[in-house]
Amino acid sequence: MHHYPIFLKLHGCRCLVVGGGEAAARRAGDLLRAGARVELIAPVLAAPCEQLLDTSPGELHHRAEPFAAGMEEGAALVVGASGDEATDRTVYEACRARGIPVNVAGRPSLSTYITPVQVDRSPLQLAVSSGGAAPVLARQIASRLETLLPAAYGRLARLAGRMREQVRVALPDKDWRLRFWEQIFDGAAAESVLAGREAEGEAELLRLLEQEQARPAPQGEVFLVGAGPGDPDLLTFRALRLMQRADVVLYDRLAAPALLDLVRKEAERIPVGKRRGRHTLPQERINERLVELARAGKRVLRLKGGDPFLFGRGGEEIEGLIEQDIPFQVVPGISAAQGAASYAGIPLTHRDYAQTCRLLTGHRRAGHPQMKAHAPYRQDETLIIYMGLVNLEAVCEQLCECGLPPEHPAAVVAQATTPQQRVVLGNLRTLAERVRAERVESPALVVVGPTVQLHPRLGWYRGEAEDRDAAASIDPCWTGGMRD
């Protein structure tokens with residue numbers, strides 16, 4: 001993010017617009033609507049500026065002279081819209097010297113702020129900006145928003161503004177107030193206002209407020225949410241909805257940073273991720289924290305990579321909630337296995353190659369992975385091994401000891417579904433060495449089975465870090481061959 005979005009209160013403030021053409025008229029009109037006192041600085045005004053001057057007496061003034069350094073003194077904001085390179089640069093340099101925010105129309109390099117495209121439903125305002133990179137795209141997005149937001153949303157926002165102090169006094173707890181307003185904006189009160197029945201909507205709001213005061217403070221709740229394999233676009237609608245309503249989030253290391261950006265901005269963030277035996281919080285303490293936070297009335301988001309019930313200890317966590325009578329919801333996610341297989345072009349099953357798929361863990365017990373406990377293995381099945389990267393060499397050796405040939409195809413898919421995705425191909429004999437050479441890091445899945453050989457043909461997604469010549473890494477000694 002190269003620009004910090006902000007709304008300025010300019011009511012009664014002196015603002016300068018340097019220029020006398022159509023662009024200057026547009027910018028001056030926007031500032032006047034925000035309540036600013038505007039000075040147009042230009043030797044001559046074109047017709048749009050003259051018309052604006054005629055319709056805005058008292059708040060818009062014209063200085064019929066060229067801009068000179070010093071005119072900006074005391075201004076809250078300056079806009080350069082002369083279209084003249086030398087004048088615009090003088091405006092920019094003069095304002096920079098005094099620390100005055102300045103924007104030169106169409107010149108991001110001569111601007112300390114960007115004027116966004118606006119969707120005005122006053123007092124509700126939306127702003128869309130590309131940071132000057134793609135203004136046409138920003139306008140198109142704003143146009144779509146215009147069609148999605150009825151003008152009545154302004155009336156709804158004004159009603160909320162009138163009632164805000166009364167609600168604050170009636171419901172002193174901020175989390176309680178948040179839930180109340182969510183109930184209002186999602187319910188019949190808002191629908192009435194949007195339908196033009198504002199008095200009816202206000203009456204419904206007051207009825208719900210009285211009802212809310214009469215009940216005890218709302219109980220907390222836990223949302224156990226599967227965040228999917230990494231790509232934020234793979235979140236479910238329900239997951240995103242609950243992420244936007246959470247008061248606090250406990251998140252795993254596997255949840256990509258981009259996913260956390262989608263959680264409600266005001267929510268407290270608590271990292272509880274695990275990495276190769278190093279736990280930010282032990283599992284027992286995570287279970288306790290979920291109960292403690294919910295009992296404090298919080299809506300707690302437990303954000304887990306992949307699916308919470310697939311090697312995610314989701315069952316352990318909800319057992320504790322059930323014992324303590326804490327309400328909860330479980331939202332499944334696309335599993336890491338599904339995401340990695342789909343984005344790597346390695347089918348979990350295929351009519352010609354693999355009729356079954358097994359999901360296993362490569363965790364060690366007594367110092368060794370327990371692959372032998374799941375034998376026998378078939379050559380016409382796909383194995384997805386979670387947490388197998390750190391013990392990869394031992395995992396491959398044990399699979400061979402259980403009867404799979406050393407030439408059996410195998411792959412590691414790291415950072416699946418993200419721009420950092422990497423796929424390393426080999427077989428049970430060569431994979432561990434290739435992964436070491438490539439310095440692959442977790443999160444990663446190990447995939448073993450004949451469908452691995454389909455990656456060069458079906459691997460549609462290439463991460464920025466992935467070797468584009470990955471097809472060459474398939475060991476030619478594997479005898480299964482590819483079918484046309």
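Yeah, the Cβs are placed from backbone N, Cα and C, and that goes for glycine too.
Feature annotations, reproduced from Swiss-Prot:
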- Asp252: active site, proton acceptor (ACT_SITE)
- Lys274: active site, proton donor (ACT_SITE)
- Glu22, Ala23, Pro43, Val44: NAD(+) binding site (BINDING)
- Pro229, Gly305, Gly306, Asp307, Leu310, Ser335, Ala336, Met387, Ala416: S-adenosyl-L-methionine binding site (BINDING)
- Ser130: phosphoserine (MOD_RES)
- 1-205: region 'Precorrin-2 dehydrogenase /sirohydrochlorin ferrochelatase' (REGION)
- 220-484: region 'Uroporphyrinogen-III C-methyltransferase' (REGION)
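The Cβ neighbour count for Glu22 (NAD(+) binding site), using a 10 Å radius over every protein chain in view, is 14.
The Cβ of Val44 has fewer other Cβ atoms within 10 Å than any other of the binding-site residues Ala23, Val44, Leu310, Ala336. Across the residues annotated as binding NAD(+) (Glu22, Ala23, Pro43, Val44), the widest Cα-Cα separation comes to 16 Å. Close to Pro229 (S-adenosyl-L-methionine binding site) in the fold, though at least 6 residues off in sequence, lie Gly305, Gly306, Ile334, Ser335, Ala336, Gln338, Gly339, Ala340, Tyr343, Ala416, Thr417, each with a CB less than 8 Å from its CB. Nearest in space to Leu310 (S-adenosyl-L-methionine binding site), taking C-alpha to C-alpha distance over the binding-site residues Glu22, Ala23, Val44, is Ala23. As a whole number, the greatest separation of Cα atoms within the S-adenosyl-L-methionine-binding residue list Pro229, Gly305, Gly306, Asp307, Leu310, Ser335, Ala336, Met387, Ala416 is 16 Å. For the pair formed by Pro43 (NAD(+) binding site) and Ser130 (phosphoserine), distance between Cα atoms is given as 33 Å, rounded to the nearest Å.
Each residue contributes its Cα atom, and for Val44 (NAD(+) binding site) and Asp252 (active site, proton acceptor) those atoms are 62 Å apart. In the predicted structure, the region 'Uroporphyrinogen-III C-methyltransferase' (220-484) carries a mean pLDDT of 88. Put simply, Ser130 (phosphoserine) is 22 Å from Glu22 (NAD(+) binding site) when counted between their Cα atoms. Ser130 (phosphoserine) sits 19 Å from Ala23 (NAD(+) binding site), taking the C-alpha atoms as the reference points.
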